[in-house]
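Peer 1: Encoded as structure tokens, here's the structure I'll be asking about.
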Amino acid sequence: MKKKGEMKKVKKVKDKVNDGQDDDPWWWLVQEGIRPSFLCISLFALLVRVAVGLHPYSGARTPPKFGDYEAQRHWMEITLNLPPKDWYRNSSVNDLSYWGLDYPPLTAYQSYVHGVFLKTFDPDSVALFTSRGYESYLGKLLMRWTVLSSDVLIFFPAVLYFVLVYRSMRFGMGQNSDVAWHIAMILLNPCLILIDHGHFQYNCISLGLTIAAIAAALSQKDLVASVLYCLALNHKQMSAYFAPAFFGYLLGKCLRKKNPLLEVTKLGLMVIGTFAVVWWPYLQSKDAALAVLSRLAPFERGIYEDYVANFWCTSSVLVKWKKLYSTQSLRIFSLAATLITCLPSMVQQILAPSSKGFLYALLNTSFSFYLFSFQVHEKSILLPLLPLTLLALEESRSILWLTHFAMFSMFPLLHRDKLVLAYMALYALFILVYFAPCGPSGRCHGSKTLDNTQKTKRSVDFITSITFHPLLMGFLGLCSLILHVIYLTMHPPNKYPFLFEAVIMLICFSQFVLFTFYFNSKQWMLSKHLTSKDKQKKLI
């Protein structure tokens with residue numbers, strides 16, 4: 001009898017493991033848990049990054065200033081050969097007009113560490129003065145490895161941390177394959193791979209620190225979240241796109257605790273302490289600190305550059321902002337517009353902080369900054385895309401559409417970098433992963449996640465019907481396909497040399513605005529779906 005009972009238990013375990021095996025083709029990948037599936041997907045994602053790294057980069061063989069690749073290499077040269085007090089100061093040995101440092105101190109420290117790495121294997125690549133425009137095979141290989149190592153050491157672990165936290169909260173991960181699909185959506189984000197490993201940047205560091213901060217905040221480690229987010233902010237000032245969401249969520253939680261003043265004080269001390277440590281070399285004098293700050297806010301460039309799909313650049317077709325208003329006035333306009341549009345998300349989290357609402361707030365505030373802040377670049381679309389990939393299981397339909405237009409908005413930039421082949425390959429890979437039969441997108445009509453959010457969608461029916469209208473989606477999809485072909489095969493009229501870029505910008509901007517309304521509506525509707533238990537819950 002005892003043996004029979006044991007046999008039944010074994011059979012139950014086997015049945016449980018094999019349950020869904022027939023309709024879940026990736027069951028073998030995830031049956032052992034999150035970590036093994038994460039390892040497999042990470043190795044594949046790493047190989048994809050290596051393959052993209054074989055393509056050209058920003059400014060390849062285009063003197064006199066080359067491009068972003070040369071900027072990153074030059075920062076390694078400067079930080080390695082000069083003392084910290086001279087990194088942000090114009091001098092005979094540091095010409096700020098030639099790719100002067102314009103990111104916060106943590107980027108400078110990162111450049112120093114990578115500079116030490118390059119000097120160990122190829123000293124000529126970071127030699128002061130003589131290394132400008134250096135493009136040896138070994139130098140390029142080492143530079144590519146610095147980005148790969150940053151991904152492996154910071155971005156990948158942060159994603160694992162987030163997925164483990166997200167899984168424990170069970171926002172909607174029904175089948176195990178949902179986990180693998182979610183990991184793939186984050187690690188195989190084509191926009192991030194193209195910018196970091198093609199164009200050449202280190203967004204994986206600031207975005208990785210941000211993901212880790214989000215995971216810490218969701219797991220109630222608010223002090224750790226504050227430190228990690230401050231580190232992200234001190235790596236790239238664009239991380240400020242997420243500041244209102246972090247502020248609203250953490251303040252909202254503090255106000256619900258027994259001693260709100262004490263909790264706010266602790267968070268404030270962590271923020272001040274982190275900034276003090278990072279900025280310590282520049283706190284010795286007022287001039288040194290101001291020299292860094294002046295480099296972080298390049299107002300002299302104007303309110304926009306190139307053809308980025310935000311409000312100021314798009315509306316300039318009709319309103320010539322730069323001619324009508326001074327830079328000082330435009331700074332005030334952009335600040336006011338950004339604060340006004342991100343205020344609803346921040347207020348909602350102060351009044352009703354929630355884990356899911358926090359993720360939507362990150363998405364909404366980053367879109368506000370992208371659409372209305374001063375000096376937005378095409379690459380800045382990576383910031384709204386980050387929380388969207390974290391919400392992939394909640395927004396499986398949105399991530400397909402927005403990733404498409406995010407890539408489309410960067411197409412002129414990537415075309416200039418000769419990354420069209422990598423662009424097409426990564427887009428195809430993204431589509432294959434998105435429509436994998438084991439992911440939520442492959443069973444969208446029967447997914448539990450989408451059923452749960454359907455109640456919310458009824459409340460924002462009007463915006464949803466516009467955003468996801470089949471005819472509109474089909475028309476815009478066809479337009480973007482035709483524009484890709486036109487951009488690659490035709491020349492614009494001499495009178496309008498940037499006509500194609502302007503049309504791409506207008507189409508992408510229209511979609512970004514629609515989704516901003518859509519996501520803001522969804523965030524505010526979350527308050528109406530709080531359970532009585534959630535409403536009565538008080539944080540300890």
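One is the number of the first residue shown, and numbering goes on along the chain from there.
Positions of Cβ are set from backbone N, Cα and C atoms, glycine also.
Checked TrEMBL, it gives:
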TRANSMEM  145-167  transmembrane segment
TRANSMEM  179-195  transmembrane segment
TRANSMEM  202-218  transmembrane segment
TRANSMEM  267-283  transmembrane segment
TRANSMEM  333-351  transmembrane segment
TRANSMEM  357-377  transmembrane segment
TRANSMEM  420-439  transmembrane segment
TRANSMEM  460-486  transmembrane segment
TRANSMEM  498-519  transmembrane segment
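Relative to the rest of the structure, where do these features sit?
Peer 2: Among residues of the same chain six or more beyond the transmembrane segment (202-218), those with a C-beta under 8 A of the stretch's C-beta atoms are 72, 107, 110, 146-147, 150-151, 154-159, 161-162, 164-166, 169, 192, 195-196, 224-226, 228-229, 231-232, 235-236, 238-239, 242, 246, 249-250, 355, 358-359, 362, 379, 382-383, 386-387, 390.
Residues 244-245, 247-249, 251-252, 255, 303, 311-312, 325, 357-358, 360-361, 364-365, 368-369, 371-374, 516, 520, 523-524, 526-527 of the same chain sit 6 or more residues outside the transmembrane segment (333-351) yet have a Cβ under 8 Å from a Cβ within it.
Through the fold, the transmembrane segment (357-377) approaches residues 214, 217-218, 238, 240-246, 248-249, 298-299, 301-306, 308, 310-313, 330-331, 334-335, 337-338, 341-342, 344-346, 348-349, 383-384, 386-388, 390-391, 394, 509, 512-513, 515-516, 519-520, 522-523, 526-527 of its own chain, all at least 6 residues removed from its boundaries and within a Cβ separation under 8 Å.
Outside the transmembrane segment (498-519), and at least 6 residues removed from its termini, the chain residues within Cβ reach (under 8 Å) are 306-311, 313-314, 317, 341, 360, 363-364, 367-368, 370-371, 384, 398, 401-402, 405-406, 408-409, 411-412, 460, 463-464, 466-467, 476, 479-480, 483, 486-487, 492.
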Peer 1: Ranking 145-167, 267-283, 420-439 by the number of C-beta pairs under 8 Å to the transmembrane segment (179-195), which range is first?
Peer 2: 420-439
Peer 1: With Cβ-Cβ distances below 8 Å as the criterion, list the same-chain residues six or more beyond the ends of the transmembrane segment (420-439) that contact it, or say none.
Peer 2: 24-27, 48, 51-52, 55, 175, 177-178, 180-181, 184-185, 188, 190, 193-194, 198, 396, 399-400, 403-404, 407, 411, 414, 488
